[in-house]
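A quick write-up on the structure given underneath.
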Amino acid sequence: MDDFLGKFFPTVLRKKNEDKDSNYCKYDNHGLQLFTSSLYLAGLTATFFASYTTRRLGRRLTMLIAGVFFLVGVVFNGAAQDLAMLLVGRILLGCGVGFANQAVPLFLSEIAPTRIRGGLNILFQLNVTIGILFANLVNYGTAKIHPWGWRLSLSLAGIPALLLTLGALFVTDTPNSLIERGRLEEGKAVLKKIRGTDNVEPEFNEIVEASRIAQEVKHPFRNLLQRRNRPQLVIAVLLQIFQQFTGINAIMFYAPVLFNTLGFKNDASLYSAVITGAVNVLSTLVSVYSVDRVGRRMLLLEAGVQMFLSQVAVAVVLGIKVTDHSDNLGHGWAIMVVVMVCTFVSSFAWSWGPLGWLIPSETFPLETRSAGQSVTVCVNLLFTFVIAQAFLSMLCHLKYAIFAFFSAWVVVMSLFVLFFLPETKNVPIEEMTERVWKQHWFWKRYMDGDNHHIVDGKITANNGASV
(Lines of atoms letter the chains of each structure in order from A and count residues from 1; the text may use other names and numbers.)
(Lines give C-alpha, C1' and ligand atoms only; values in the text may rest on other atoms or scores of the structure.)
Protein backbone atom coordinates (compact mmCIF):
# COMPACT_ATOMS: atom_id res chain seq x y z
CA MET A 1 0.00 0.00 0.00
CA ASP A 2 1.35 3.42 -0.92
CA ASP A 3 0.56 4.96 2.48
CA PHE A 4 2.53 2.20 4.14
CA LEU A 5 5.48 2.47 1.75
CA GLY A 6 5.45 6.26 2.11
CA LYS A 7 5.73 6.04 5.89
CA PHE A 8 8.33 3.27 6.19
CA PHE A 9 9.97 2.71 2.80
CA PRO A 10 9.87 6.05 0.94
CA THR A 11 12.65 5.01 -1.48
CA VAL A 12 10.62 2.02 -2.70
CA LEU A 13 7.63 4.29 -3.23
CA ARG A 14 9.72 6.72 -5.29
CA LYS A 15 11.10 3.90 -7.39
CA LYS A 16 7.62 2.46 -7.91
CA ASN A 17 6.23 5.81 -9.08
CA GLU A 18 9.15 6.91 -11.25
CA ASP A 19 8.84 3.69 -13.22
CA LYS A 20 12.28 4.15 -14.82
CA ASP A 21 13.31 0.77 -13.55
CA SER A 22 12.84 -2.48 -15.35
CA ASN A 23 9.56 -4.32 -14.73
CA TYR A 24 11.51 -6.96 -12.93
CA CYS A 25 13.30 -4.59 -10.50
CA LYS A 26 10.67 -2.33 -8.96
CA TYR A 27 10.75 -3.82 -5.49
CA ASP A 28 14.43 -4.73 -5.24
CA ASN A 29 15.12 -3.10 -1.85
CA HIS A 30 16.99 -4.69 1.05
CA GLY A 31 15.05 -2.90 3.78
CA LEU A 32 11.77 -4.14 2.38
CA GLN A 33 13.17 -7.65 2.01
CA LEU A 34 14.39 -7.54 5.61
CA PHE A 35 10.96 -6.45 6.84
CA THR A 36 9.43 -9.44 5.05
CA SER A 37 11.99 -11.95 6.14
CA SER A 38 12.60 -10.85 9.75
CA LEU A 39 9.50 -12.88 10.59
CA TYR A 40 11.07 -16.07 9.29
CA LEU A 41 14.33 -15.46 11.15
CA ALA A 42 12.46 -14.92 14.41
CA GLY A 43 10.38 -18.03 13.78
CA LEU A 44 13.56 -19.97 13.20
CA THR A 45 15.07 -18.93 16.52
CA ALA A 46 11.81 -19.45 18.41
CA THR A 47 11.53 -23.03 17.15
CA PHE A 48 14.39 -24.18 19.37
CA PHE A 49 12.65 -22.86 22.48
CA ALA A 50 9.37 -24.28 21.25
CA SER A 51 10.89 -27.75 21.01
CA TYR A 52 11.66 -27.58 24.71
CA THR A 53 8.21 -26.32 25.69
CA THR A 54 6.40 -28.95 23.58
CA ARG A 55 8.26 -31.67 25.47
CA ARG A 56 8.23 -30.20 28.96
CA LEU A 57 5.01 -28.17 29.07
CA GLY A 58 2.98 -30.02 26.44
CA ARG A 59 1.50 -29.24 23.04
CA ARG A 60 -1.37 -27.19 24.41
CA LEU A 61 0.68 -24.69 26.41
CA THR A 62 3.00 -24.19 23.45
CA MET A 63 -0.02 -23.20 21.34
CA LEU A 64 -1.08 -20.81 24.09
CA ILE A 65 2.38 -19.18 24.12
CA ALA A 66 2.15 -18.80 20.34
CA GLY A 67 -1.19 -17.04 20.71
CA VAL A 68 0.24 -14.57 23.23
CA PHE A 69 3.20 -13.79 20.93
CA PHE A 70 0.76 -13.13 18.09
CA LEU A 71 -1.38 -10.79 20.20
CA VAL A 72 1.57 -8.68 21.39
CA GLY A 73 3.06 -8.59 17.87
CA VAL A 74 -0.24 -7.35 16.45
CA VAL A 75 -0.33 -4.49 18.97
CA PHE A 76 3.18 -3.38 17.96
CA ASN A 77 2.41 -3.60 14.23
CA GLY A 78 -0.94 -1.86 14.35
CA ALA A 79 0.44 1.00 16.44
CA ALA A 80 3.83 1.24 14.69
CA GLN A 81 5.30 4.76 14.59
CA ASP A 82 8.62 3.96 12.95
CA LEU A 83 10.47 1.10 11.27
CA ALA A 84 11.90 -0.15 14.58
CA MET A 85 8.44 -0.68 16.07
CA LEU A 86 7.30 -2.35 12.90
CA LEU A 87 10.25 -4.76 13.01
CA VAL A 88 9.67 -5.58 16.70
CA GLY A 89 6.06 -6.46 15.94
CA ARG A 90 7.14 -8.52 12.97
CA ILE A 91 9.70 -10.40 15.08
CA LEU A 92 7.10 -11.17 17.76
CA LEU A 93 4.77 -12.52 15.07
CA GLY A 94 7.68 -14.64 13.88
CA CYS A 95 8.07 -16.10 17.36
CA GLY A 96 4.38 -16.93 17.30
CA VAL A 97 4.84 -18.71 13.97
CA GLY A 98 7.77 -20.71 15.38
CA PHE A 99 5.79 -21.89 18.41
CA ALA A 100 2.58 -22.60 16.47
CA ASN A 101 4.31 -24.51 13.68
CA GLN A 102 6.04 -26.64 16.28
CA ALA A 103 2.97 -27.55 18.30
CA VAL A 104 0.06 -27.72 15.84
CA PRO A 105 1.21 -30.44 13.41
CA LEU A 106 2.35 -32.61 16.36
CA PHE A 107 -0.92 -32.05 18.17
CA LEU A 108 -2.88 -33.10 15.08
CA SER A 109 -0.71 -36.13 14.28
CA GLU A 110 -1.09 -37.39 17.83
CA ILE A 111 -4.83 -37.04 18.31
CA ALA A 112 -5.71 -38.35 14.83
CA PRO A 113 -6.76 -41.99 14.30
CA THR A 114 -4.27 -43.67 11.93
CA ARG A 115 -6.61 -44.04 8.98
CA ILE A 116 -7.38 -40.31 8.69
CA ARG A 117 -4.08 -38.95 10.04
CA GLY A 118 -3.00 -37.63 6.65
CA GLY A 119 -6.31 -35.94 5.91
CA LEU A 120 -6.53 -34.35 9.35
CA ASN A 121 -3.00 -33.02 9.21
CA ILE A 122 -3.64 -31.49 5.81
CA LEU A 123 -6.63 -29.63 7.21
CA PHE A 124 -3.92 -27.61 8.98
CA GLN A 125 -2.49 -26.68 5.58
CA LEU A 126 -6.00 -26.10 4.22
CA ASN A 127 -6.69 -23.56 6.93
CA VAL A 128 -3.38 -21.88 6.18
CA THR A 129 -4.52 -21.43 2.57
CA ILE A 130 -7.90 -20.11 3.72
CA GLY A 131 -6.00 -17.70 5.98
CA ILE A 132 -3.95 -16.47 3.01
CA LEU A 133 -7.15 -15.90 1.05
CA PHE A 134 -8.71 -13.94 3.95
CA ALA A 135 -5.53 -11.88 4.37
CA ASN A 136 -5.61 -10.95 0.69
CA LEU A 137 -9.27 -9.93 0.91
CA VAL A 138 -8.58 -7.84 4.03
CA ASN A 139 -5.72 -6.09 2.23
CA TYR A 140 -7.93 -5.39 -0.72
CA GLY A 141 -10.64 -3.90 1.48
CA THR A 142 -8.30 -1.78 3.58
CA ALA A 143 -6.24 -0.50 0.62
CA LYS A 144 -9.12 1.85 -0.16
CA ILE A 145 -8.94 3.53 3.27
CA HIS A 146 -6.40 6.38 3.36
CA PRO A 147 -4.13 7.07 5.23
CA TRP A 148 -4.62 4.48 8.00
CA GLY A 149 -5.83 1.47 6.02
CA TRP A 150 -2.59 -0.40 6.61
CA ARG A 151 -3.00 -0.02 10.38
CA LEU A 152 -6.42 -1.63 10.19
CA SER A 153 -5.05 -4.40 7.99
CA LEU A 154 -2.23 -5.22 10.42
CA SER A 155 -4.51 -4.94 13.47
CA LEU A 156 -7.11 -7.34 12.11
CA ALA A 157 -4.52 -10.09 12.58
CA GLY A 158 -5.61 -9.83 16.22
CA ILE A 159 -8.75 -11.81 15.44
CA PRO A 160 -7.05 -15.11 14.50
CA ALA A 161 -4.52 -14.47 17.30
CA LEU A 162 -7.36 -14.24 19.80
CA LEU A 163 -9.02 -17.37 18.43
CA LEU A 164 -5.78 -19.34 18.77
CA THR A 165 -5.25 -18.15 22.35
CA LEU A 166 -8.83 -18.93 23.43
CA GLY A 167 -8.81 -22.24 21.56
CA ALA A 168 -5.63 -23.33 23.32
CA LEU A 169 -7.35 -22.69 26.66
CA PHE A 170 -10.21 -25.06 25.79
CA VAL A 171 -8.56 -28.07 24.11
CA THR A 172 -7.02 -30.92 26.10
CA ASP A 173 -3.42 -31.94 25.67
CA THR A 174 -2.64 -35.01 23.55
CA PRO A 175 -2.48 -38.43 25.25
CA ASN A 176 1.12 -38.81 23.99
CA SER A 177 2.11 -35.54 25.62
CA LEU A 178 0.40 -36.30 28.95
CA ILE A 179 1.92 -39.79 29.10
CA GLU A 180 5.34 -38.42 28.13
CA ARG A 181 5.12 -36.12 31.17
CA GLY A 182 4.10 -39.00 33.47
CA ARG A 183 0.38 -38.23 33.74
CA LEU A 184 -0.76 -41.72 32.73
CA GLU A 185 -4.33 -41.72 34.05
CA GLU A 186 -5.12 -38.36 32.49
CA GLY A 187 -3.61 -39.58 29.25
CA LYS A 188 -5.80 -42.66 29.26
CA ALA A 189 -8.92 -40.61 29.98
CA VAL A 190 -8.17 -38.26 27.08
CA LEU A 191 -7.49 -41.22 24.79
CA LYS A 192 -10.91 -42.72 25.64
CA LYS A 193 -12.52 -39.37 25.02
CA ILE A 194 -10.96 -38.72 21.60
CA ARG A 195 -11.34 -42.31 20.36
CA GLY A 196 -14.93 -42.48 21.59
CA THR A 197 -14.49 -45.92 23.16
CA ASP A 198 -13.33 -47.45 26.44
CA ASN A 199 -11.30 -50.11 24.67
CA VAL A 200 -8.05 -48.18 24.24
CA GLU A 201 -5.67 -50.58 26.05
CA PRO A 202 -3.59 -51.62 22.98
CA GLU A 203 -3.04 -48.05 21.82
CA PHE A 204 -2.48 -46.83 25.38
CA ASN A 205 0.20 -49.47 25.98
CA GLU A 206 1.91 -48.60 22.71
CA ILE A 207 2.10 -44.94 23.68
CA VAL A 208 3.35 -45.78 27.20
CA GLU A 209 6.05 -48.03 25.77
CA ALA A 210 7.07 -45.48 23.14
CA SER A 211 7.15 -42.82 25.84
CA ARG A 212 9.30 -45.01 28.11
CA ILE A 213 11.88 -45.24 25.32
CA ALA A 214 11.54 -41.50 24.73
CA GLN A 215 12.29 -40.87 28.43
CA GLU A 216 15.57 -42.77 28.13
CA VAL A 217 16.72 -40.28 25.50
CA LYS A 218 18.40 -37.45 27.33
CA HIS A 219 19.56 -35.48 24.29
CA PRO A 220 16.92 -35.64 21.56
CA PHE A 221 18.93 -33.46 19.15
CA ARG A 222 22.05 -35.56 19.55
CA ASN A 223 19.91 -38.65 19.14
CA LEU A 224 18.56 -37.31 15.84
CA LEU A 225 22.05 -37.61 14.39
CA GLN A 226 22.33 -41.32 15.17
CA ARG A 227 22.59 -43.62 12.22
CA ARG A 228 19.16 -45.18 12.59
CA ASN A 229 17.47 -41.77 12.55
CA ARG A 230 19.31 -40.71 9.42
CA PRO A 231 16.54 -41.61 6.92
CA GLN A 232 13.84 -39.58 8.71
CA LEU A 233 16.20 -36.65 9.21
CA VAL A 234 17.46 -36.54 5.63
CA ILE A 235 13.94 -36.82 4.23
CA ALA A 236 12.51 -34.17 6.57
CA VAL A 237 15.28 -31.69 5.77
CA LEU A 238 15.19 -32.24 2.02
CA LEU A 239 11.40 -32.01 1.85
CA GLN A 240 11.53 -28.57 3.44
CA ILE A 241 14.28 -27.33 1.13
CA PHE A 242 12.49 -28.70 -1.91
CA GLN A 243 9.18 -27.20 -0.80
CA GLN A 244 10.69 -23.70 -0.95
CA PHE A 245 12.54 -24.40 -4.20
CA THR A 246 9.37 -25.33 -6.06
CA GLY A 247 9.17 -21.56 -6.53
CA ILE A 248 5.71 -21.25 -4.96
CA ASN A 249 6.63 -17.97 -3.26
CA ALA A 250 7.95 -16.63 -6.55
CA ILE A 251 4.76 -17.45 -8.40
CA MET A 252 2.51 -16.11 -5.65
CA PHE A 253 4.50 -12.88 -5.61
CA TYR A 254 4.67 -12.42 -9.34
CA ALA A 255 0.98 -13.04 -9.97
CA PRO A 256 -0.18 -9.39 -9.55
CA VAL A 257 2.32 -8.18 -12.18
CA LEU A 258 1.01 -10.73 -14.64
CA PHE A 259 -2.60 -9.86 -13.95
CA ASN A 260 -1.78 -6.20 -14.41
CA THR A 261 -0.86 -6.92 -18.01
CA LEU A 262 -4.26 -8.50 -18.54
CA GLY A 263 -5.75 -5.05 -18.20
CA PHE A 264 -7.15 -5.54 -14.70
CA LYS A 265 -4.86 -2.63 -13.71
CA ASN A 266 -5.53 -1.48 -10.15
CA ASP A 267 -7.67 -4.34 -9.03
CA ALA A 268 -5.11 -6.73 -10.49
CA SER A 269 -3.68 -7.75 -7.17
CA LEU A 270 -7.13 -8.54 -5.84
CA TYR A 271 -7.96 -10.73 -8.80
CA SER A 272 -4.65 -12.53 -8.69
CA ALA A 273 -4.81 -13.00 -4.94
CA VAL A 274 -8.36 -14.25 -5.00
CA ILE A 275 -7.87 -16.52 -8.00
CA THR A 276 -4.62 -18.06 -6.77
CA GLY A 277 -6.01 -18.12 -3.22
CA ALA A 278 -9.17 -19.92 -4.28
CA VAL A 279 -7.24 -22.40 -6.43
CA ASN A 280 -5.00 -22.99 -3.42
CA VAL A 281 -7.92 -23.75 -1.11
CA LEU A 282 -9.70 -26.05 -3.58
CA SER A 283 -6.59 -28.02 -4.43
CA THR A 284 -5.71 -28.54 -0.80
CA LEU A 285 -9.16 -30.14 -0.47
CA VAL A 286 -8.14 -32.60 -3.20
CA SER A 287 -5.19 -33.54 -1.05
CA VAL A 288 -7.33 -34.02 2.09
CA TYR A 289 -9.46 -36.47 0.15
CA SER A 290 -6.74 -38.39 -1.68
CA VAL A 291 -3.71 -38.48 0.62
CA ASP A 292 -4.85 -41.55 2.59
CA ARG A 293 -6.24 -43.21 -0.55
CA VAL A 294 -3.67 -42.84 -3.35
CA GLY A 295 -0.78 -42.21 -0.98
CA ARG A 296 1.93 -39.61 -0.55
CA ARG A 297 4.31 -40.67 -3.32
CA MET A 298 1.70 -40.70 -6.04
CA LEU A 299 0.61 -37.13 -5.27
CA LEU A 300 4.18 -35.82 -5.20
CA LEU A 301 5.16 -37.47 -8.48
CA GLU A 302 2.04 -36.40 -10.35
CA ALA A 303 2.44 -32.83 -9.14
CA GLY A 304 6.11 -32.80 -10.13
CA VAL A 305 5.19 -33.34 -13.78
CA GLN A 306 2.46 -30.72 -13.63
CA MET A 307 4.64 -28.09 -11.91
CA PHE A 308 7.53 -28.67 -14.30
CA LEU A 309 5.41 -28.23 -17.42
CA SER A 310 3.58 -25.14 -16.17
CA GLN A 311 6.81 -23.39 -15.11
CA VAL A 312 8.56 -24.08 -18.40
CA ALA A 313 5.53 -22.72 -20.24
CA VAL A 314 5.51 -19.52 -18.14
CA ALA A 315 9.27 -19.03 -18.66
CA VAL A 316 8.92 -19.41 -22.43
CA VAL A 317 5.98 -17.02 -22.75
CA LEU A 318 7.62 -14.37 -20.54
CA GLY A 319 10.95 -14.81 -22.29
CA ILE A 320 9.41 -14.11 -25.67
CA LYS A 321 6.79 -11.55 -24.70
CA VAL A 322 7.86 -9.51 -21.66
CA THR A 323 10.91 -7.28 -21.96
CA ASP A 324 12.32 -4.93 -19.33
CA HIS A 325 10.08 -1.99 -20.05
CA SER A 326 7.21 -3.21 -22.15
CA ASP A 327 4.88 -5.66 -20.51
CA ASN A 328 2.28 -5.99 -23.19
CA LEU A 329 1.48 -9.69 -23.33
CA GLY A 330 -1.64 -9.55 -25.40
CA HIS A 331 -4.90 -11.00 -24.17
CA GLY A 332 -4.57 -14.60 -25.34
CA TRP A 333 -1.04 -15.06 -24.01
CA ALA A 334 -1.93 -13.46 -20.71
CA ILE A 335 -4.82 -15.85 -20.22
CA MET A 336 -2.52 -18.76 -20.95
CA VAL A 337 -0.06 -17.53 -18.32
CA VAL A 338 -2.87 -17.19 -15.77
CA VAL A 339 -4.02 -20.75 -16.51
CA MET A 340 -0.44 -21.99 -16.15
CA VAL A 341 0.01 -20.16 -12.85
CA CYS A 342 -3.20 -21.75 -11.57
CA THR A 343 -2.07 -25.17 -12.78
CA PHE A 344 1.16 -24.70 -10.88
CA VAL A 345 -0.50 -23.45 -7.70
CA SER A 346 -3.04 -26.27 -7.72
CA SER A 347 -0.44 -29.01 -8.12
CA PHE A 348 1.67 -27.47 -5.34
CA ALA A 349 -1.36 -27.23 -3.06
CA TRP A 350 -2.15 -30.92 -3.23
CA SER A 351 1.43 -32.11 -2.98
CA TRP A 352 4.48 -30.25 -1.72
CA GLY A 353 2.44 -27.71 0.25
CA PRO A 354 0.76 -30.04 2.73
CA LEU A 355 2.98 -33.13 2.38
CA GLY A 356 6.13 -31.19 3.18
CA TRP A 357 4.66 -30.86 6.67
CA LEU A 358 2.77 -34.15 6.93
CA ILE A 359 5.54 -36.61 6.05
CA PRO A 360 8.11 -35.41 8.63
CA SER A 361 5.47 -35.22 11.38
CA GLU A 362 4.51 -38.88 10.87
CA THR A 363 7.90 -40.51 10.29
CA PHE A 364 9.91 -39.56 13.39
CA PRO A 365 9.71 -42.01 16.32
CA LEU A 366 8.37 -40.51 19.58
CA GLU A 367 11.78 -40.13 21.20
CA THR A 368 12.99 -37.75 18.49
CA ARG A 369 9.63 -36.44 17.32
CA SER A 370 9.74 -33.06 19.03
CA ALA A 371 13.36 -32.46 18.03
CA GLY A 372 12.62 -33.70 14.52
CA GLN A 373 9.69 -31.32 14.16
CA SER A 374 11.96 -28.47 15.32
CA VAL A 375 14.54 -29.25 12.70
CA THR A 376 11.78 -29.50 10.08
CA VAL A 377 10.28 -26.12 10.97
CA CYS A 378 13.72 -24.58 11.24
CA VAL A 379 14.93 -25.70 7.85
CA ASN A 380 11.64 -24.62 6.33
CA LEU A 381 11.85 -21.14 7.84
CA LEU A 382 15.53 -20.86 6.98
CA PHE A 383 14.90 -21.55 3.31
CA THR A 384 11.75 -19.42 3.27
CA PHE A 385 14.02 -16.69 4.64
CA VAL A 386 16.67 -17.32 1.99
CA ILE A 387 14.13 -17.24 -0.84
CA ALA A 388 12.28 -14.22 0.59
CA GLN A 389 15.56 -12.32 0.99
CA ALA A 390 16.92 -13.27 -2.40
CA PHE A 391 13.82 -13.51 -4.53
CA LEU A 392 13.28 -9.87 -5.43
CA SER A 393 16.95 -9.49 -6.36
CA MET A 394 16.92 -12.79 -8.28
CA LEU A 395 13.85 -11.65 -10.19
CA CYS A 396 15.69 -8.44 -11.05
CA HIS A 397 18.78 -10.24 -12.38
CA LEU A 398 17.47 -13.54 -13.76
CA LYS A 399 14.21 -12.06 -15.09
CA TYR A 400 12.05 -14.74 -16.74
CA ALA A 401 14.81 -17.36 -16.29
CA ILE A 402 13.82 -17.51 -12.63
CA PHE A 403 11.03 -19.88 -13.66
CA ALA A 404 13.49 -22.10 -15.51
CA PHE A 405 15.65 -22.09 -12.36
CA PHE A 406 12.75 -23.38 -10.26
CA SER A 407 11.61 -25.93 -12.85
CA ALA A 408 15.08 -27.49 -12.77
CA TRP A 409 14.63 -27.93 -9.01
CA VAL A 410 11.27 -29.58 -9.59
CA VAL A 411 13.01 -32.26 -11.69
CA VAL A 412 15.56 -32.86 -8.92
CA MET A 413 12.90 -33.22 -6.22
CA SER A 414 10.73 -35.55 -8.30
CA LEU A 415 13.70 -37.88 -8.84
CA PHE A 416 14.35 -37.84 -5.11
CA VAL A 417 10.75 -38.84 -4.39
CA LEU A 418 10.87 -41.56 -7.02
CA PHE A 419 13.94 -43.29 -5.60
CA PHE A 420 14.21 -42.36 -1.93
CA LEU A 421 10.81 -41.56 -0.46
CA PRO A 422 8.96 -44.60 0.93
CA GLU A 423 5.15 -44.68 1.07
CA THR A 424 3.80 -44.08 4.58
CA LYS A 425 0.03 -44.09 4.09
CA ASN A 426 -1.96 -46.23 6.58
CA VAL A 427 1.15 -47.21 8.56
CA PRO A 428 0.75 -46.55 12.32
CA ILE A 429 3.46 -44.16 13.54
CA GLU A 430 4.82 -46.71 16.01
CA GLU A 431 5.35 -49.32 13.26
CA MET A 432 7.25 -47.12 10.77
CA THR A 433 10.62 -48.73 11.50
CA GLU A 434 9.56 -52.30 10.82
CA ARG A 435 7.13 -51.72 7.98
CA VAL A 436 8.73 -48.80 6.15
CA TRP A 437 12.40 -48.21 6.82
CA LYS A 438 13.51 -51.84 7.10
CA GLN A 439 11.77 -52.65 3.82
CA HIS A 440 13.20 -49.81 1.75
CA TRP A 441 15.95 -50.67 -0.76
CA PHE A 442 18.18 -47.79 0.26
CA TRP A 443 17.28 -46.86 3.83
CA LYS A 444 17.31 -50.39 5.26
CA ARG A 445 21.13 -50.28 5.43
CA TYR A 446 20.77 -47.65 8.18
CA MET A 447 18.60 -49.95 10.24
CA ASP A 448 20.86 -52.85 11.12
CA GLY A 449 23.46 -53.32 13.76
CA ASP A 450 21.92 -50.86 16.17
CA ASN A 451 21.34 -52.20 19.66
CA HIS A 452 18.33 -49.93 20.24
CA HIS A 453 16.63 -51.95 17.63
CA ILE A 454 16.04 -54.85 19.95
CA VAL A 455 13.71 -52.52 21.81
CA ASP A 456 11.89 -51.53 18.64
CA GLY A 457 11.68 -55.19 17.70
CA LYS A 458 10.08 -55.93 21.04
CA ILE A 459 7.50 -53.21 20.62
CA THR A 460 6.65 -54.48 17.23
CA ALA A 461 6.25 -57.96 18.61
CA ASN A 462 4.02 -56.58 21.37
CA ASN A 463 1.96 -54.73 18.79
CA GLY A 464 1.60 -57.89 16.81
CA ALA A 465 0.51 -59.79 19.87
CA SER A 466 -1.91 -57.12 21.03
CA VAL A 467 -3.43 -56.83 17.56
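Cβ atoms here come from the backbone N, Cα and C positions, even for glycine.
Because TrEMBL annotations are produced automatically, they should be read as predictions rather than curated entries.
Copied from TrEMBL, the annotated features are:
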- 1-425: domain 'Major facilitator superfamily (MFS) profile' (DOMAIN)
- 31-49: transmembrane segment (TRANSMEM)
- 61-80: transmembrane segment (TRANSMEM)
- 86-108: transmembrane segment (TRANSMEM)
- 120-138: transmembrane segment (TRANSMEM)
- 150-171: transmembrane segment (TRANSMEM)
- 233-257: transmembrane segment (TRANSMEM)
- 269-291: transmembrane segment (TRANSMEM)
- 298-320: transmembrane segment (TRANSMEM)
- 332-353: transmembrane segment (TRANSMEM)
- 374-394: transmembrane segment (TRANSMEM)
- 400-421: transmembrane segment (TRANSMEM)
**OP:** Answer with yes or no whether the transmembrane segment (298-320) touches the transmembrane segment (120-138) by the criterion of at least three Cβ pairs under 8 A, sequence separation 6 or more.
**Re:** no
Original post:
Counting only residues 6+ away from its ends, which parts of the chain sit with a Cβ under 8 Å from the transmembrane segment (400-421)?
Top reply: 235, 238, 242, 245-247, 250, 296-297, 300-301, 304-305, 307-308, 311-312, 314-315, 318-319, 322, 352, 359, 394, 442-443
Original post:
With pairs 6 or more apart in sequence, are the transmembrane segment (269-291) and the transmembrane segment (86-108) linked by at least 3 Cβ pairs under 8 Å?
Top reply: no
Original post:
Averaged over the whole of the domain 'Major facilitator superfamily (MFS) profile' (1-425), what is the pLDDT?
Top reply: 88
